[in-house]
There are 2 protein chains.
Amino acid sequence: MANNASSSISPSNYTESATKQTEALKSLFDPHSIDPHLLQKIEYDALVWSSLHGLLVGDRASEKSGRIPGVGLIHAPISLLPTPFPESHWKQACEVAPIFNELVDRVSLDSEFLQESLSRTKKVDAFTARLLDIHAKILDMGKKEEIRLGLHRSDYMLDEQTNSLLQIELNTISSSFPGLSCLVSELHRSLLHQYKQHLALDPLQIPQNNAVGLFAETLYRAWAEYNNPRAVVVIVVQTEERNMYDQHWISTLNFTYEVRSIRRTLGEIDAQGEILPDGSLIVDGEAVAVVYFRAGYAPTDYPSESEWSARLLIEQSCAVKCPSISYHLAGTKKIQQELAKPNQLERFLENKDDIAKVRKCFAGLWSLDDSSIIKDAIENPGLYVMKPQREGGGNNIYGEDVRLSLQRMEKEGMEENAAAYILMQRIFPVISRAVLMRDGISHKEHVISELGIYGTYLRNKTDVIVNDNSGYLMRTKVSSSNEGGVAAGFAVLDSVYLV
Amino acid sequence: MANNASSSISPSNYTESATKQTEALKSLFDPHSIDPHLLQKIEYDALVWSSLHGLLVGDRASEKSGRIPGVGLIHAPISLLPTPFPESHWKQACEVAPIFNELVDRVSLDSEFLQESLSRTKKVDAFTARLLDIHAKILDMGKKEEIRLGLHRSDYMLDEQTNSLLQIELNTISSSFPGLSCLVSELHRSLLHQYKQHLALDPLQIPQNNAVGLFAETLYRAWAEYNNPRAVVVIVVQTEERNMYDQHWISTLNFTYEVRSIRRTLGEIDAQGEILPDGSLIVDGEAVAVVYFRAGYAPTDYPSESEWSARLLIEQSCAVKCPSISYHLAGTKKIQQELAKPNQLERFLENKDDIAKVRKCFAGLWSLDDSSIIKDAIENPGLYVMKPQREGGGNNIYGEDVRLSLQRMEKEGMEENAAAYILMQRIFPVISRAVLMRDGISHKEHVISELGIYGTYLRNKTDVIVNDNSGYLMRTKVSSSNEGGVAAGFAVLDSVYLV
């Protein structure tokens with residue numbers, strides 16, 4: 001079951017031109033060689049800027065900071081300066097965003113494809129199973145989403161060996177950091193401007209980033225499409241949320257559209273929610289136009305049946321969901337892997353150029369029922385990553401552990417384990433130098449970066465109303481961590497410097 | 001030694017019209033009667049707004065928050081909604097600001113007046129004595145300030161009994177909160193706008209507040225007047241400063257004028273500072289155009305000889321000082337009291353209207369060598385406040401303690417104690433209802449408010465370049481505290497709602 005790449009990965013893909021480009025990137029500027037006195041000034045100014053401009057999170061050290069705004073605040077972890085990124089790959093990622101938006105929408109409409117592709121995942125992952133149950137119930141009701149809203153983020157890494165932009169994952173639920181990512185771009189532009197005599201970097205090479213504005217605008221347009229002037233936007237949140245300011249930036253902008261929003265946990269929605277006979281959702285006495293999920297993406301967001309019951313209630317209502325259960329499922333890793341198989345994209349997209357553009361971003365993705373790939377992975381474990389099918393992150397398997405895991409699975413019977421993991425081409429990202437700031441302290445590190453491109457999509461029964469690429473998120477982390485994807489907890493916010 | 005008022009204070013000053021106006025103020029809106037559910041929403045939004053817009057201070061609970069920006073942040077203590085204030089008194093306070101600016105400048109030039117008026121204070125207050133020593137040394141040098149910069153704030157309370165606006169003090173050094181006060185006005189305007197359907201308050205009744213912009217602009221113009229494009233502004237700071245973001249707001253704006261600023265403690269200036277033969281001040285290798293004091297106003301800011309040595313060094317240089325030692329002395333309580341004596345204002349101001357406007361703001365102020373006042377104060381201690389001559393605040397004496405203190409002094413010999421205190425007419429401020437927010441928690445309180453009007457002044461040898469009223473600060477505190485002046489540590493930031 002091969003993907004777009006050849007049946008296995010060979011180091012011969014390594015190209016000379018890629019090396020040259022990488023070297024050019026590295027030599028462009030080296031934040032580690034900045035004069036320490038100057039560096040200290042830039043660090044101080046970055047911390048001040050972050051404090052004055054709301055580039056903040058709740059401090060983990062503060063008990064109340066995840067529940068009460070305005071207390072226990074700390075600057076968001078950031079890269080002090082932007083990270084160089086090739087303009088050609090940047091453009092590629094932006095260009096493909098609306099195609100991914102369209103793809104998600106098309107896939108979401110193919111209920112059979114979703115149920116079938118995920119049927120094996122269902123057996124090993126209780127979380128996906130519950131999502132599929134809701135999906136099936138909605139299918140049984142014969143209910144269709146007429147207004148469909150997607151606020152996505154497609155994440156990429158730049159593979160140094162193949163000089164290609166490879167998709168890590170496509171987030172269709174709760175895409176984080178549209179607010180703070182804009183602020184980091186602004187911070188970096190401001191620092192480059194302020195220190196222009198010392199750093200030979202052009203602030204205009206940091207692309208404009210208006211993710212938060214476009215998210216807010218698209219939420220507003222979905223709200224307007226729902227067409228009840230008194231209805232609110234419900235933001236589904238976790239009980240404790242230290243990244244609340246990222247979310248509040250969107251609510252603040254929503255207010256400029258005179259749209260009111262309320263924040264509720266799934267538990268609260270279960271307690272306060274009901275569906276009227278006409279299908280409209282009422283939460284705490286308020287008619288709901290749009291439900292915007294900033295929680296509900298991970299198993300831990302459903303500690304009891306109450307949360308599942310709220311999710312079902314929302315899905316059964318005629319409120320606009322961001323995302324619907326189908327959009328949510330369309331963003332799972334398993335679907336990503338299915339779409340990477342030959343002739344699958346063709347089921348959903350007509351335009352050959354579009355198909356080629358999407359395919360170009362796919363890393364090698366294989367299920368564990370391909371014995372030739374398993375053989376290759378046991379022989380060359382360093383070239384693969386094993387990713388759990390389970391959503392909600394973590395626990396990728398790298399290096400020697402890939403070999404050990406596969407050998408264990410072969411002993412135990414591959415059949416049992418095959419559904420729990422997929423194999424992915426291991427990406428060897430460009431390593432650069434950076435100064436990372438956390439808790440007011442700076443660290444000179446060798447880092448890798450992951451680029452996320454936001455996409456906004458809105459359509460009704462007849463027309464596509466919005467389909468755009470909508471700003472970006474750069475996340476950077478110490479390169480000694482595993483390279484298969486940036487774990488959100490340990491990555492800092494960053495911006496792009498086009499080269 | 002009587003002041004503008006009659007020789008003592010009589011409750012007969014209480015006027016009927018004042019009562020009516022006060023009642024109108026109180027009934028305008030009562031934040032205590034807002035529906036609790038709605039109140040909770042407004043509180044939440046106020047905390048979010050403060051976090052996103054830099055209305056922040058360092059949290060006392062965080063050890064590092066006074067030294068490192070970006071860590072241990074917490075929303076500034078605020079009043080949830082603006083406090084009603086009569087438009088006529090507001091206009092009066094704004095109108096008199098440029099006259100006070102001019103008055104400070106004229107008084108600062110009369111060295112004999114300063115030295116003589118403070119000669120007795122010098123004996124009881126080591127701090128004022130040290131300031132006077134520096135002043136005398138500069139006089140001996142024959143040195144004159146050609147560029148004179150004042151960033152003042154004149155603080156008032158509204159006396160309910162006389163329906164008059166009375167000056168509490170005139171700050172000529174380190175006037176705080178030009179940054180955060182603007183943000184509170186903006187916050188309140190934003191809340192009134194957002195909740196216009198629930199609160200019948202017009203956001204436009206909160207006056208525009210651009211204190212921070214005008215402070216930054218005036219600092220810039222002083223810098224430009226100094227005329228060395230490579231010179232910096234030195235902000236003199238305390239070693240620990242939890243109100244640093246108020247200061248950073250000014251620096252941030254300075255940067256828009258492409259003026260660089262550096263922050264130094266007096267100790268650091270002592271270690272890193274020198275005066276070149278041409279009189280210019282160098283700190284840490286940088287030529288200094290302007291020294292802006294946000295420390296140095298209290299005895300605790302001079303823990304060793306090193307700080308005094310820095311203060312002298314600055315004063316001996318040709319850098320623009322904000323304030324010079326003469327401006328600093330012109331703002332002392334003793335000078336305020338001297339100016340309140342008959343025919344003193346006439347020494348410094350020509351225009352009779354101006355003199356009348358200034359005098360109108362003076363509360364009764366008497367030194368302790370007036371035996372008839374002491375007699376009256378012992379009989380009616382509730383009508384007086386005893387204020388220490390010492391600068392740097394605190395320890396006003398109220399109520400029965402006034403009687404006890406005066407009787408003790410009479411026993412010990414009034415001569416000894418007379419210089420240490422002045423007597424001031426006790427102000428009975430309007431009490432209103434407010435919701436105060438601190439540490440993320442709201443408190444319904446009966447409060448009193450103090451209005452500060454910022455004034456900016458800049459002149460060179462020949463011309464007055466700037467002389468304006470420049471925004472405002474409203475501070476509000478629980479009314480059970482002593483009313484003689486709002487202690488900064490326990491007051492919250494507020495804004496004015498004109499009625």
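Each residue, glycine too, has its Cβ placed from N, Cα and C.
TrEMBL labels come from automatic prediction, so no person has curated them.
Database features (TrEMBL):
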BINDING   A:R153, A:173-176, A:241-243, A:Q247, A:294-297, A:E450, A:R475, A:486-487  substrate binding site
BINDING   A:E169, A:N171, A:E391  Mg(2+) binding site
BINDING   A:E169, A:K333, A:387-396, A:Y398, A:424-427, A:K477, A:E483  ATP binding site
DOMAIN    A:231-330  domain 'Glutathione synthase substrate-binding'
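Known features from TrEMBL, placed on the structure.
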residue : record                 : Cβ neighbours (10 Å)
A:R153  : substrate binding site : 27
A:E169  : Mg(2+) binding site    : 19
A:N171  : Mg(2+) binding site    : 19
A:S175  : substrate binding site : 28
A:R242  : substrate binding site : 19
A:R294  : substrate binding site : 22
A:Y297  : substrate binding site : 23
A:P388  : ATP binding site       : 17
A:Y398  : ATP binding site       : 16
A:R426  : ATP binding site       : 26
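Comparing A:R426 (ATP binding site) with A:E169 (Mg(2+) binding site), their Cα atoms are 13 Å apart once rounded. Straight-line distance linking the Cα atoms of A:E169 (Mg(2+) binding site) and A:Y398 (ATP binding site), rounded to a whole number, equals 17 Å. In this structure, the C-alpha atom of A:R153 (substrate binding site) lies 5 angstrom from that of A:N171 (Mg(2+) binding site). The binding-site residues A:N171, A:S175, A:R242, A:R294, A:Y297 include none with a CA atom within 10 A of the CA of A:Y398 (ATP binding site). Across all of the domain 'Glutathione synthase substrate-binding' (A:231-330), the predicted model scores a mean pLDDT of 96. Secondary structure counts, DSSP: the domain 'Glutathione synthase substrate-binding' (A:231-330) has 41 helix, 26 strand, 33 coil. Checking each of the binding-site residues A:R242, A:R294, A:Y297, A:P388 against A:N171 (Mg(2+) binding site) by C-alpha distance, the shortest gap belongs to A:Y297. Put simply, A:R242 (substrate binding site) is 26 Å from A:P388 (ATP binding site) when counted between their Cα atoms.
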